[in-house]
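Student: The structure's right below; bear with me while I get my questions together.
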Amino acid sequence: MDIEDKTSKMHCMKGKHVVIICGVVIAVGLILGLGLGLGLDTKACNPPEVNGQVSTKSPISNTPDVTSPSGSSVFCSAKNDENGPWTHFRLPNYVHPVHYDLHLTPEMEAEVYTGMVNISIRLEEQTTKHLWLHLRETKITEMPQLWTSSGQVIEIKRCFGYEPQEYVVIEAEEDLRPSNYFLSMRFKGYLNGSLVGFYSTTYGENGKIKYIAATDHEPTDARKSFPCFDEPNKKATYTISITHEHDYEAISNMPVEKTISLDNKWTKTIFKKSVPMSTYLVAWAVHQFKYEERISSRGIPLRIYAQPQQINTAIYAANVTKVVFDYFENYFNMNYSLPKLDKIAIPDFGTGAMENWGLITYRETNLLYDSQESAASNKQRVAAVIAHELVHQWFGNIVTMDWWDDLWLNEGFASFFEFMGVNAKEEKWQMLDQILISDLLPVLKEDSLVSSHPITVNVSSPDEITSVFDGISYSKGASILRMLEDWISPECFRAGCEKYLKEHYFKNAKTDDFWKAMEEVSGKPVKEVMDTWTRQMGYPVLKVDLNSTVTQQRFLLDPKADPSKPSSQFSYKWNIPVKWKEGNTSNIIFYNKSELAGITITRPSDLPLNSFLKVNKDHVGFYRVNYEPQVWRALTDIMMKDHQNFNLADRAGFIDDAFALARAGLLKYADALNLTRYLQNEAEYIPWQRAVVAISYIRNMFEDDKALYPKFQRYFGSLVKPIASELKWEXDEDHIKSLLRTTVLEFACKMEDPEALGNASLLFKKWMSGISLDVNLRLLVYRFGMQNSGDEQAWNYMFQKYRTATLAQEKEKLLYGLASVKNITLLNRFLSCIKNTSLIRSQDVFTVLGYISLNSYGKTMAWDWVRLNWEYLVKRYTLNDRNLGRLISRLSGTFNTELQLWQMENFFERYPDAGAGEASRKQALETTKSNIEWLKQYRDDVATWLENSEHSNFA
């Protein structure tokens, strides 16, 4: 166990369960120390033979130390010199990079690269002897050179690294007065050991190992690739050239200007000069891929690069790219600003995708689609990520946020417009409604925690910058844009976007710049309204009384939380455009935060007495709505009689609001659970998907409750049974119906419906005998077939299928299947594979841990493995890794015992440096404490309702 004696003693003195806690911890520690810690049963994790797609990179422990590249002298060594302004986190505003000439030479098999950068710098207003710019890990190999624009050499007195702020500092012998200068630096770095900066990975092709090297620079990793002024408002132009071996090609942001054969081995590829770009958007790749090409309606070449043996899987991406690209050029009334657009699927990629200008990089699962191997959900994911990254070519690339505190200007906008982009290509996918279940409703949960943060938030370290790449910046950002568009009208919103883009073309902008554009086109007080949504965390719940009076208060999941904490300049009051509907009448009434007594909706006089006033029509507002208990009961009756009185969005919203309100103590669980009775008649994907998610919280809390969980399963199993039986375990060409089938069959299996589990096991055995499965049923069969009937033979068979699979989406499904086995020995074997990068790529480690944690047998094992191997994970990924930062909250979402809370607190005390995971740790602690209190407060209420349901005709 990874617990120090002194902290053990301190915690063992706290609670009333001290003997139980300490005894269990000691026992678990001994078991894990002998089992997991020593790598029990690792026979499945021997390095495999080379095959089509298995990585052969060495495990991290065998890689060279990137801070000490061999074979070259190192200049500008790190010094603890704090006698200068380079101790500040931000670069000075009087230094401006104008142009970079960047040359790189990667040696693919040696996994090293060398480079040289010449930077044209404009110094304004201030005289100084010092220049400093960003550099991390990569080493300077010659003394930097500095000269004036006229060519006069300026002697360098010294240079040194200042590691706390990731700077290299150059001190000149003489004063540098406001003028133009040139700075030249040579450097060397390693291509291995990381998925950020300039790195390489491998793949298999016809039994041979192949290399590809590419970049991933957002948010603060360009400084790992080359010395640069690595802040988003330090835009400059670039001329990039790459010397590479003859049998490789190089691509970058801009088209190739020319290639030069240097000798029998090396070729130099020179790219055209770029437009002004932020450093995080600079990109290049050295590869042996092929491409699928489409031409936009305006003649722009659009290419999708993939491994030669997978190039057929790039066809769908190419088709989507053309349609969505043309759509956004038309919508924004602005041409794409570069001569070409490339996309490339990287075999090992740390994030989902990266919007580099003119060269978008992707994880393979998010770009490549095979109709014979990929599910409908995979197809939608590919289309959505493509659309998201295309939006960035305008929002983010042409106009970039001035600083990372306005990250949402990039990510919130891309997350909003991606649904419009996909809808342009796939009109039958209900994408404009799916934003509810993909973004709005999920982030309502995240933003109802005290540990949330405002959309615009101060960040002052790389870790803090990384941490704001979260649901608040992406999904809440998208959701409030949806609300804004509905309020000021789609026409004004579109005109405002066009105005914003044109006024800040090739520049940086702040949130107020966007509000200004929207105000000018709409004539409405956009800033006054929207500041209450971006400059304070959280959101309101609107209480509607029987007189149609609406009042607001901050919504928090924890009933005991202080709604005034942390302090807010708006005192947690919001300016709200309230959209409502009754009968055929729909309108928007504005709720000003200063109206302390609330507002009253004037209802139509010609409606029947039993008509229903729907507040937050289409769930377009970023808030929840609570009605009087008798109104909720009336709503249940209406839904039972004819749920189609309300549209898809409203039905999904009712369910989500009801269960969130009950969890927060604002609605009785009996009323929320009564509403679910209508689901026996529901036949649409979006309401079912959200119902399953809303119900899952109770399921997670009760899963280990042997007395109560079977009752929960019987009730909800009876609700899902009709539609599961109707849809059957069959193939279907209809996209939405396929998503619905997957949702309800998965839920039926979780409720342990005998028919559903029997079908999963039957299909699993057929698959074991060599019969192919329908692509939309595979994940269900892999998971529940393995769970219900999997043994060691089946697990080994699936593991071999995983090793030989070529499509990344199929490999990911098989990983989930492997993690679903109800066998501790096999799960332990799977965990032992994590450190073998020949078997599990770096990008998939957190996926595997997450899948194992979803297994009732594996959730404790995954948590224990992470605690035992934390130092290994930190060394492999660094504390700045956003996926590592989110890992604890991902694994601990269902924790609901004092022991689990104690383990978490102890772990955080032992490893206090959270890096990019600081906010995630706070969320994990808050959620676990809330779960413990929830069981104390509501278990009996839910138990009573379930007991009564078994003696009634509810279902």
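From the backbone N, Cα and C atoms, a Cβ is placed for every residue, glycine too.
Note that the structure is a prediction, hence the values are computed from the model and not measured.
Pulled from Swiss-Prot, these are the listed features:
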type     : residues                                               : note
ACT_SITE : GLU389                                                 : active site, proton acceptor
BINDING  : GLU218, GLY352, ALA353, MET354, GLU355, ASN356, ARG882 : substrate binding site
BINDING  : HIS388, HIS392, GLU411                                 : Zn(2+) binding site
CARBOHYD : ASN118                                                 : N-linked glycosylation site
CARBOHYD : ASN192                                                 : N-linked glycosylation site
CARBOHYD : ASN319                                                 : N-linked glycosylation site
CARBOHYD : ASN335                                                 : N-linked glycosylation site
CARBOHYD : ASN458                                                 : N-linked glycosylation site
CARBOHYD : ASN547                                                 : N-linked glycosylation site
CARBOHYD : ASN584                                                 : N-linked glycosylation site
CARBOHYD : ASN592                                                 : N-linked glycosylation site
CARBOHYD : ASN674                                                 : N-linked glycosylation site
CARBOHYD : ASN759                                                 : N-linked glycosylation site
CARBOHYD : ASN823                                                 : N-linked glycosylation site
CARBOHYD : ASN836                                                 : N-linked glycosylation site
TOPO_DOM : 1-17                                                   : topological domain 'Cytoplasmic'
TRANSMEM : 18-38                                                  : transmembrane segment
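Help me picture these features in the structure, burial and contacts included.
Tutor: Within its own chain, GLU389 (active site, proton acceptor) has LYS343, ALA353, MET354, GLU355, ILE360, TYR362, ALA414 as residues 6 or more apart in sequence whose C-beta sits under 8 angstroms from its own.
According to DSSP, GLU355 (substrate binding site) sits in a coil region rather than a helix or strand.
Other Cβ atoms within 10 Å of the Cβ of GLU411 (Zn(2+) binding site), summed over all protein chains shown, number 25. DSSP assigns GLU411 (Zn(2+) binding site) to a helix.
DSSP classifies ASN118 (N-linked glycosylation site) as strand under the three-state reduction. Counted within 10 Å of its Cβ, the other Cβ atoms near ASN118 (N-linked glycosylation site) come to 15, all protein chains included.
According to its DSSP assignment, ASN192 (N-linked glycosylation site) is coil.
The Cβ of ASN319 (N-linked glycosylation site) has ARG294, LYS425 as same-chain neighbours under 8 Å, each 6 or more residues away in sequence. ASN319 (N-linked glycosylation site) falls within a helical segment according to DSSP.
ASN335 (N-linked glycosylation site) is surrounded by 10 other CB atoms, counting those within 10 A of its CB over all protein chains shown.
Other Cβ atoms within 10 Å of the Cβ of ASN458 (N-linked glycosylation site), summed over all protein chains shown, number 11. In the three-state DSSP assignment, the secondary structure recorded for ASN458 (N-linked glycosylation site) is coil.
Every protein chain considered, the tally of other Cβ atoms within 10 Å of the Cβ of ASN547 (N-linked glycosylation site) stands at 9.
Summarising the environment of ASN584 (N-linked glycosylation site), the number of other Cβ atoms within 10 Å of its Cβ, over all protein chains shown, is 7.
In the three-state DSSP classification, ASN592 (N-linked glycosylation site) falls within coil.
Of all the Cβ atoms in the protein chains shown, 21 others lie within 10 Å of the Cβ of ASN674 (N-linked glycosylation site).
ASN759 (N-linked glycosylation site) falls within a helix when secondary structure is assigned with DSSP.
DSSP assigns ASN823 (N-linked glycosylation site) to coil, not to a helix or a strand. Its Cβ placed at the centre, ASN823 (N-linked glycosylation site) has 18 other Cβ atoms within 10 Å.
Within 10 Å of the Cβ of ASN836 (N-linked glycosylation site) there are 16 other Cβ atoms, across all protein chains.
Summarised as a single figure, the pLDDT of the topological domain 'Cytoplasmic' (1-17) averages 35.
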Student: Run through the Cβ atoms and count how many others sit within 10 Å of the one on GLU218 (substrate binding site).
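Tutor: Result for GLU218 (substrate binding site): 25 other Cβ atoms within 10 Å.
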Student: Where the distance is taken from Cα to Cα, which of the recorded positions ASN192, ASN335, GLU411, ASN547, ASN759 turns out closest to GLU218 (substrate binding site)?
Tutor: GLU411
Student: Taking the recorded Zn(2+) site as HIS388, HIS392, GLU411, identify the other residues of that chain whose CB atom sits within 8 Å of the mean position of the site's CB atoms, giving them in sequence order.
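Tutor: After dropping the recorded site residues, what remains is GLU355, GLU389, VAL391, PHE395, GLY396, ASN410, PHE413, ALA414, SER415, GLU418, TYR474.
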Student: Taking Cα-Cα distance, which of the recorded positions ASN118, ASN192, ASN335, ASN356, ASN458, ASN836 are within 10 Å of HIS392 (Zn(2+) binding site)?
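Tutor: ASN356, listed in sequence order.
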Student: Take the C-alpha atoms of ASN458 (N-linked glycosylation site) and ASN192 (N-linked glycosylation site) and report the distance between them in angstrom, rounded.
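Tutor: Rounded to the nearest whole number, the Cα-Cα distance is 33 Å.
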Student: To the nearest whole angstrom, what is the C-alpha distance linking ARG882 (substrate binding site) and ASN823 (N-linked glycosylation site)?
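Tutor: Rounded to the nearest whole number, the Cα-Cα distance is 31 Å.
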Student: To which of the recorded positions ASN192, ASN356, ASN592 does the lowest count of other Cβ atoms within 10 Å belong?
Tutor: ASN592
Student: Using C-alpha positions only, work out which of the glycosylation sites ASN192, ASN547, ASN584, ASN674, ASN836 is nearest to HIS388 (Zn(2+) binding site).
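Tutor: Closest by Cα: ASN192.
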Student: Could you tally the C-beta atoms, other than its own, that fall within 10 angstroms of the C-beta of MET354 (substrate binding site)?
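Tutor: The answer is 23.
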Student: Would you mind reading off the Cα separation of ASN823 (N-linked glycosylation site) from ASN836 (N-linked glycosylation site), to the nearest angstrom?
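Tutor: Just about 21 Å between their Cα atoms.
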Student: Just the number: how many Å between the Cα atoms of GLY352 (substrate binding site) and ASN118 (N-linked glycosylation site)?
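Tutor: That separation, Cα to Cα, works out to 32 Å.
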